[in-house]
Amino acid sequence: MADLAADRAAAPASIPALPPLRPLRWDDSPGGPALLLLDQTRLPAEEREIVCTGVPTLIDAIQRLAVRGAPLLGLAGAYGVALAAARGCSVGDAAEQLARARPTAVNLALGVRRAYDAHQAHLAAKPGDLDGASAATLAAARALHREDAAASAAMADHGLALLERLVPGGGHRLLTHCNTGALVSGGEGTALAVALAAHRAGRLRRLWVDETRPLLQGARLTAYEAARAGMPYSLLADNAAGSLLAAGQVDAVLVGADRIAADGSTANKVGSYPLAVLARHHGVPFVVVAPSTTVDPDTADGEAIVVEQRAAHEVAEFAGVQVAPPGATAYNPAFDVTPPGLISAIVTEKGVVSPVDVTGMTRLCAMSRSSNETM
Ligand SMILES: CSC[C@@H](O)[C@@H](O)C(=O)COP(=O)(O)O
């Protein structure tokens, strides 16, 4: 395996500075308010936006994973409620339908609730002021967007400091799964933001990117983000992670989270749990990076986490092409749950905690509850 200097040299040469990715933005143009989503199902081939002028289009985009990833789902939910309010639709119905669009990422329902509560609070203070309520709802979505960006930056700082403690001296060789970068956030993301911080600090030796079957969020999206940022990265098929770890080529595994139960059990993209088992076997730290809002104090443990089951065709196909015999059935959970004992650390914007440290988890749950209550 090449040394650090050679790995850096292997990174694409002069990468032009590219504009930051904007996976979601509010459009106030005269044609009426709309939510614009960068269609993640088309990346990296094509950067095309979906124009949502109504909640049904947004729900469809959420369910097709055109907009995806826990923090971004929170923003989509909040802006979706703002869209319903701005378009004079039933905010209650919109909130209920959006919150149910995908079950596992706690941030979706939280974002919806934050915007809905702002709407209701305004109407309670000024009954009948629908325009004011609409403005308050949009302001709540925008505030969440800013907070998410700030949390992302803080997670990157804490995560990089943790890496420096875990792997002192050397360049970091990081293995990641799914996509956890700017495409899932108002900022630079969660786990991938840490890798990006390491890259900017000149400390990233190699980013190993799991392709992430069946929907290839790693191969399509993380590789796209890594290439845009000029990071030295290599793709691997998910089932090559074992031999990569056995070969001693990984210093830490970094993943995001869709829901962290009160006991530290963590739901993330399916394939995270086997990585945690492998990492433990090979003595490599397995680190979860997520905003504190992803901690759900009301979910006691991993068994209580609802794991989304998706359609069989996603497994029976590869990149949209049927590869299995017609009519093949499939087991297709979108997520799996990693027990706390396999997680070395949880990095949030508030700092780093060990999931097996009961006092630390209790404090994290309390912080999560209080920031969600002030939403
Ligand atoms: C910061 S993103 C954390 C998770 O949401 C991410 O790892 C993930 O599992 C996304 O799943 P997806 O099904 O693509 O929405």
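Cβ atoms are placed via backbone N, Cα and C, with glycine included.
Note that this is a predicted model, so its numbers are computed, not measured.
Sequence annotations record features per position, and here TrEMBL assigns active site, proton donor to D258. Around D258 (active site, proton donor), the C-beta neighbours below 8 angstroms that are at least 6 residues distant in the chain are A70, T104, A105, V106, N107, A267, N268, K269, T294, F335.
Residue density at R102 (substrate binding site): 23 other Cβ atoms are found within 10 A of its Cβ, drawing on all protein chains shown. For R68, G69, A70, R102, Q217, N268, K269, the entry in TrEMBL reads substrate binding site.
The secondary structure of C178 (site 'Transition state stabilizer'), as reduced to three states from DSSP, is coil rather than helix or strand. Listed in sequence order, D210, T212, Q217, G218, T222, V255, G256, N268, K269, G271, S272 are the same-chain residues six or more apart from C178 (site 'Transition state stabilizer') with CB atoms under 8 A from its CB. Summarising the annotation, TrEMBL assigns site 'Transition state stabilizer' to C178.
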Extra residues within 8 Å (Cβ to Cβ centroid of R68, G69, A70, R102, Q217, N268, K269), substrate: L65, L73, A105, C178, N179, T180, V184, G256, D258, A334, F335
Contacting binding-site residues for ligand 1, chosen from R68, G69, A70, R102 when the Cβ sits under 6 angstroms of any of its atoms: R68, G69, A70
